[in-house]
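One structure is given here, and the rest of the page talks about it.
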Amino acid sequence: MPGWSCLVTGAGGFVGQRIIRMLVQEKELQEVRALDKVFRPETKEEFSKLQTKAKVTMLEGDILDAQYLRRACQGISVVIHTAAVIDVSHVLPRQTILDVNLKGTQNILEACVEASVPAFIYCSTVDVAGPNSYKKIILNGHEEEHHESTWSDAYPYSKRMAEKAVLAANGSILKNGGTLHTCALRPMYIYGERSPFLSVMILAALKNKGILNVTGKFSIANPVYVGNVAWAHILAARGLRDPKKSQNVQGQFYYISDDTPHQSYDDLNCTLSKEWGLRLDSSWSLPLPLLYWLAFLLETVSFLLRPFYNYRPPFNCHLVTLSNSKFTFSYKKAQRDLGYVPLVSWEEAKQKTSEWIGTLVEQHRETLDTKSQ
C-alpha cells in the first residue's frame, strides 16, 4: 500500500478521538485530517502531542458546509465518518438531528465523489437494526438476518437512512473516473473512558448519595469497548484499501461487538463503578409493560401540548425499548472479512474504565470540598 491520507469527521468526539490516536500509528500514512465543528482545548493539545511521522491537521468546520467539505476531502485516500448527533431523549429539535446525521452524511459522500476519494467508512450504530419491541428477543444476531429499525424517532431514523445512503453509494463513479467503495460499521452500546453517557450517569449518582439510576435492568446487551470500536474502523480502512480484501468489504455492513460479557445495562454500570462506592437503586420499580405504556402516555401528552408548550417527557417508548430489550449481535462477519479480533480484553477495558470513573469521583469530591470552604 503506497502512502495514503485519511480524513476523520467527528474527530473530537468519543469514538473519533480514539480513531485518531490509533490511525497515526498506521504504516505509510502521510496525513491525518481531524475534522469537527469545534475542538475542545484539551483535545487540540492532545492531538498536537501525538507521536507520529504523519502530519496531523485539525480542521474546524460544519458538516453542513458542502464547499468546506470538498476542500477538506482534496487529496484524501480514505474518509472515516463518525460525526453525528446522538439523542434518544428528544432533547434536540428533530430537524437538527436529521440535518447532521443524514444531510451531513449525504454532503460528505458528495464531497468524496467531487474530490475523488476512493474509500469511505461509516460509523453507524446497532440502533439501525432495532430493537423494535422489548418482547422480541435477538441473541447473537448476525448480518445475514434481516433486522431493521421501524422507529420514526429522529436518531434511529436518521442513522438508518444515512447508512442506506452510504451503502447505496458503493460503486459510484468518482470525478477522476475511479470508483468509490464504502462500508458501514454498527457498534453496540459503546463504553469506556470519556464516555459522555457514563459521565452523565456517574455525576447524577454522585449527586444522589452514590445511587445509580436504574434504567435498563430487564435488558441483555453486549456493550463494546471504545478502543475496540476504533480498532474496527482501522481494519475497515485497511480492508477497503487492500485489493485482496476489498472485494469482500465493499458495500457491506458489520456488527461490532467484543468479549464484554452479555449483561444488562444496569449491571454493566454497577460493575464499572462499584469500586468507588456507587450502587444500584434497590427500591421498587415499575414492571416493564407498565413503564412502556407510561412512556406512551407521556409522549401523547407531549404531542397534544406541542402547539402551546414544549413538554419533554423524562423517557419515551424508544428509550424504554432500547434500554430493556434482549438484543445482542456477533462480530464473526467482521472477523472473517476484516480480520477483526478485539484488541482490548474485557478485564483491561473494565479496569481502564473504572480507573477513569475514579477520576470523576475524585473531581466531584474536590468540587464539594471547594464549595464547603
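First residue shown is number 1, and so on along the chain.
Just so it is clear, glycine is given a Cβ too, placed from its N, Cα and C backbone atoms.
Positions annotated as active site, proton donor by Swiss-Prot: Lys159. Per Swiss-Prot, NADP(+) binding site is recorded for Gly10, Ala11, Gly12, Gly13, Phe14, Val15, Tyr155, Lys159. The annotation transmembrane segment is assigned in Swiss-Prot to 288-308.
With a threshold of 8 Å between CB atoms, the same-chain residues lying at least 6 positions outside the transmembrane segment (288-308) that come near it are 134, 218, 314-317, 319-321, 324.
Comparing Phe14 (NADP(+) binding site) with Lys159 (active site, proton donor), their Cα atoms are 17 Å apart once rounded. Note: the CA-CA distance between Val15 (NADP(+) binding site) and Lys159 (active site, proton donor) rounds to 16 Å. A separation of roughly 15 Å, to the nearest angstrom, links the Cα atoms of Gly10 (NADP(+) binding site) and Lys159 (active site, proton donor). Counting every protein chain shown, the number of other Cβ atoms lying within 10 Å of the Cβ of Val15 (NADP(+) binding site) is 25. Cα-Cα distance from Lys159 (active site, proton donor) to Gly13 (NADP(+) binding site): 17 Å (rounded to the nearest whole number). The Cβ of the residue listed as 'active site, proton donor' has 27 other Cβ atoms within 10 Å, all protein chains considered.
Of the listed binding-site residues Gly12, Gly13, the Cβ environment within 10 Å is emptiest of other Cβ atoms at Gly13. Site extent for NADP(+): the farthest pair of Cα atoms among Gly10, Ala11, Gly12, Gly13, Phe14, Val15, Tyr155, Lys159 sits 20 Å apart. A simple Cβ count within 10 Å picks out one of the binding-site residues Phe14, Tyr155 as the most packed, and that one is Tyr155.
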